[in-house]
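J.: Got these off Swiss-Prot a minute ago, pasting:
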BINDING   Asp83, Asp85, Asp87  Mg(2+) binding site
BINDING   Cys84, Cys100, Cys107  Zn(2+) binding site
Amino acid sequence: MDVEDTVKKLNLKFRNIEGERLILAITCDENKNVLMVAFMNEEALKKTLETGYMHYYSTSRKKLWRKGEESGNVQKLIKFYRDCDGDALLFIVEQKGVACHEGYYSCFHYKIEDGELKITGEYYSKR
């Protein structure tokens, strides 16, 4: 697969966010549980397609990063989809370990209940 050609054919609508051309990346496991939402620039997308492992763009650190490069909790790409508008991508991955830097399987472990923010295992549990 020619990565340059694939990216071009996707006809993506990168958005200008904090001075960078970015696209929303939604990442799910094989059971379609949402693991995380992050941004990608074109380089991160190309690296993901070239290596088969998820790469993202950090808006806070202003750099490309490979998921799990420090923790070992890598995400192996299985397949991906483009949304109807071309402004978001959905990635299905094989998750090794946890996805969240706080030690939870998913970044969506906070629940809003009675106006309060609570950490809960109802949606995803710590593994």
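Quick reminder: no glycine exception, Cβ is built from N, Cα and C everywhere.
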J.: Near Asp85 (Mg(2+) binding site), which residues of its own chain have a C-beta under 8 A away, given they sit six or more steps off in sequence?
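T.: For Asp85 (Mg(2+) binding site), the qualifying residues are Lys13.
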J.: Report, as a single number, how many Cβ atoms besides its own are within 10 Å of the Cβ of Cys107 (Zn(2+) binding site).
T.: 18
J.: Provide the number of Cβ atoms within 10 Å of the Cβ of Asp87 (Mg(2+) binding site), excluding the reference atom itself.
T.: 13
J.: So around the Mg(2+) site, Asp83, Asp85, Asp87 aside, which residues have their CB within 8 A of the centroid of those CB atoms?
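T.: Along the chain, the qualifying residues are Lys13, Arg82, Cys84, Gly86, Ala88.
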J.: Among the binding-site residues Cys84, Cys100, point out the residue whose Cβ has the most other Cβ atoms within 10 Å, with all shown protein chains included in the count.
T.: Cys100
J.: Given a separation of at least six residues and a C-beta threshold under 8 Å, show me what packs close to Asp83 (Mg(2+) binding site) in the same chain.
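T.: Sequence-distant Cβ neighbours: Leu89, Leu90.
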